[in-house]
Amino acid sequence: MNPYVLTILLSSLGLGTVLTFASSHWLLAWMGLEINTLAIIPIMAQQHHPRAIEATTKYFLTQATAAAMILFASTTNAWLMGEWEIHQLSHPLATTTVMLALALKLGLAPVHFWLPEVLQGLELTTGLILSTWQKLAPFALMIQVAPTINSSLLVAIGLLSTLVGGWGGLNQTQLRKILAYSSIAHLGWMVLILQFAPSLTLLSLSLYIIMTSSAFLTLKTNNALTINTLATSWTKSPTLAALAALVLLSLGGLPPLSGFMPKWLILLELTKQGLPLSATLAAMTALLSLYFYLRLCYALTLTIYPNTLTATAPWRLNFTMITLPLSIITILALGLLPLTPAVTAMLAL
């Protein structure tokens, strides 16, 4: 893609998200979401591969449906209650419709079916943008409307997403689909705690973005798209393979890695709010996710090469990729747990 065109598209992507962040009016927020969607579509379709075009079409249709639902809900609220402000969303029909529309935009269960299929058709870098940056604008709206939404609906969507995210990834061999189900599970944890402690949701989102970026950049560096090709990583770069295994365990939420912090604090908060059953179910569904992360770790570190491999063996050429962002993000994805007391003190302020 022409660098000038790419710059314009990435700038529009940033503009759309910032516009949604800054808006207090539903029409302005909707406009930001639309700019965001229209900016990423050419980036997704730049490969001119049938799978990429299919993924782009699916993404466009789901995002357009969600945007239409948001417009319908905000118009309904303005008609019935006379309010266009995001904070003044009060009619039950409007709040439920907005919640489902934002769930569709994010890929939360039960409207998650598009996310694994779309992510599977994209290049890893575009998949990274879709899994991280594209979650910010809908989440900003969700945090603003959360106080008006039925808490039972939020808890149900959160628990269902953690379950679907863990269950769906069990039988996958494609790494992009595994990361898509991982994304659904992590978003479920964030929605679960959204109404009780929005600051914890932001903390979880920040750590999710760090860990997912590290995972995607590692796979990009290793040029791995399936579990089989992942098994050859150790011979190419043992250090990176070892760190990648730790990043995956961090995504699974194992101590003493960074990913344990948000899960620990969320379970603690749910117990304080008198929801021990929800906390138990969430912890049980995290074990499902942990299984497929361990499966990836096994392929990375314990599978001896040469193994039965259908893909073409990659050449060992001089490495030219810039690895500084990967190094910084990996350190953050692994070593933030000791900062938990400082984080809890900040959240308490």
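Placed from the backbone N, Cα and C atoms, the Cβ positions cover glycine too.
Unlike curated records, TrEMBL annotations are generated automatically.
Annotated domain 'NADH:quinone oxidoreductase/Mrp antiporter transmembrane' per TrEMBL: 23-288, in sequence order. Sequence annotations record features per position, and here TrEMBL assigns transmembrane segment to 60-81, 93-116, 136-166, 178-196, 202-219, 240-261, 281-305, 317-339. Look at TrEMBL and you will find 290-343 tagged as domain 'NADH dehydrogenase subunit 2 C-terminal'.
Same-chain residues lying 6 or more positions outside the transmembrane segment (93-116) and placing a CB less than 8 Å from one of its CB atoms are 33, 58-59, 62-63, 65-67, 69-70, 72-74, 76-77, 80-81, 135, 138-139, 141-142, 145, 148-150, 153-154, 157, 160-161, 163-165, 168, 176-177, 180-181, 183-184, 187-188, 191. Counting residues 6+ beyond its ends, the transmembrane segment (178-196) has Cβ neighbours under 8 Å at 103, 106-109, 112, 115-116, 118-120, 127, 131, 135, 139, 142-143, 146-147, 149, 151, 154-155, 157-166, 168-169, 172, 204-205, 208, 212, 215-216, 251, 262-263, 266, 269-270, 273, 278, 282, 285-286, 289, 292-293, 296 in the same chain.
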